Amino acid sequence: AMALVRMNLRAVTSWVGIARLFAILLSCIAFSLVASTGVYGGPYGTWCMFSWGFCFAVTLLIVLLELFELYPKLPLSWDDFTSAFSMLAALMIFTSSVVFPSVFIGSPCSSSICMRQAAATAISCLCFLAYALEVGLTRAKPGDISSFLSTVPGLLKVFEAYVACLIFSLLDTYDSVPGLQWCVAVYAVCFVITLLIIIFTIGRCLSYIPCPLEKVLVAYNALAMLMYLTAVIIWPFYSFNNRSRPSPCGANCSWNKHLGVTFLTIFNFLAYLVDLVYSTKMVFIRTR
């Protein structure tokens with residue numbers, strides 16, 4: 001039975017494999033350090049613990065599937081899946097590395113619990129670097145479009161979907177204002193279409209679409225960018241028009257959340273803009 005299991009040692013000896021092993025180790029240490037303090041209550045702590053645990057589990061699964069060469073049996077585009085996941089993991093760990101210390105670490109930091117929290121933050125930052133290294137190593141070279149999600153537009157799709165999720169987590173009061181409802185519709189529509197593009201790419205379903213796919217993606221990027229441009233203007237106008245920042249304004253203050261959404265909207269507008277430029281270059285300059 002052992003002879004049937006072929007081991008592909010490149011899964012752990014290549015640079016990508018080494019980056020993944022570091023990510024597994026570091027996410028496990030960050031999770032364990034915070035778990036040992038017992039201080040991770042509330043939505044922010046839960047999110048950080050979920051991020052470290054989820055990235056640890058999926059990366060370990062990826063390494064094992066590659067080590068035992070089981071991944072070709074899966075009904076998905078493996079390169080697209082691993083590229084999308086490493087990008088998602090880098091974003092999740094980066095968010096946790098920023099959110100966790102800002103919520104849980106106070107000054108002065110002298111207790112043993114605070115020391116462990118600070119160590120967990122540092123380890124989490126190193127874990128982010130490991131995933132960022134993997135994204136850099138697996139990114140497609142210019143001209144290579146064999147796996148769409150490892151190209152710049154593909155990686156941006158993961159970024160756009162993730163930022164939209166962050167926006168949804170901050171939305172609270174927008175029901176009574178039609179302008180803000182339009183912005184929420186923009187976030188939702190663009191998120192759903194971008195997520196479908198990612199899922200269809202990983203599931204190898206895009207080849208069944210009966211029209212020139214690259215040109216459809218360019219058109220979608222242009223439309224999404226214009227929709228986000230309206231949100232960049234409308235959201236802050238209706239959120240802050242004749243409204244000054246209340247004092248005190250705590251963690252759950254809606255003014256702060258609206259400010260967060262404003263910045264995230266700008267990030268996503270810029271992401272769709274860069275996405276449009278890159279995908280236009282890939283389609284119209286390559287095919288000339």
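Any Cβ shown, glycine's included, is placed from N, Cα and C.
What TrEMBL records for this protein:
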type: DOMAIN; residues: 11-143; note: domain 'MARVEL'
type: TRANSMEM; residues: 51-71; note: transmembrane segment
type: TRANSMEM; residues: 83-106; note: transmembrane segment
type: TRANSMEM; residues: 118-137; note: transmembrane segment
type: DOMAIN; residues: 148-284; note: domain 'MARVEL'
type: TRANSMEM; residues: 149-172; note: transmembrane segment
type: TRANSMEM; residues: 184-206; note: transmembrane segment
type: TRANSMEM; residues: 218-238; note: transmembrane segment
type: TRANSMEM; residues: 258-278; note: transmembrane segment
### Summary
Same-chain residues at least 6 beyond the ends of the transmembrane segment (184-206) with a Cβ under 8 Å from one of its Cβ atoms are 75-77, 80-81, 84, 148-149, 154, 157-158, 160-161, 164-165, 167-168, 171, 174, 213, 217, 220, 224, 227-228, 230-231, 265, 268, 272
### Task
Run through the domain 'MARVEL' (11-143) and tell me, per DSSP, how many residues are helix, strand and coil.
109 helix, 0 strand, 24 coil
### Query
Over the domain 'MARVEL' (148-284), what is the model's mean pLDDT?
90
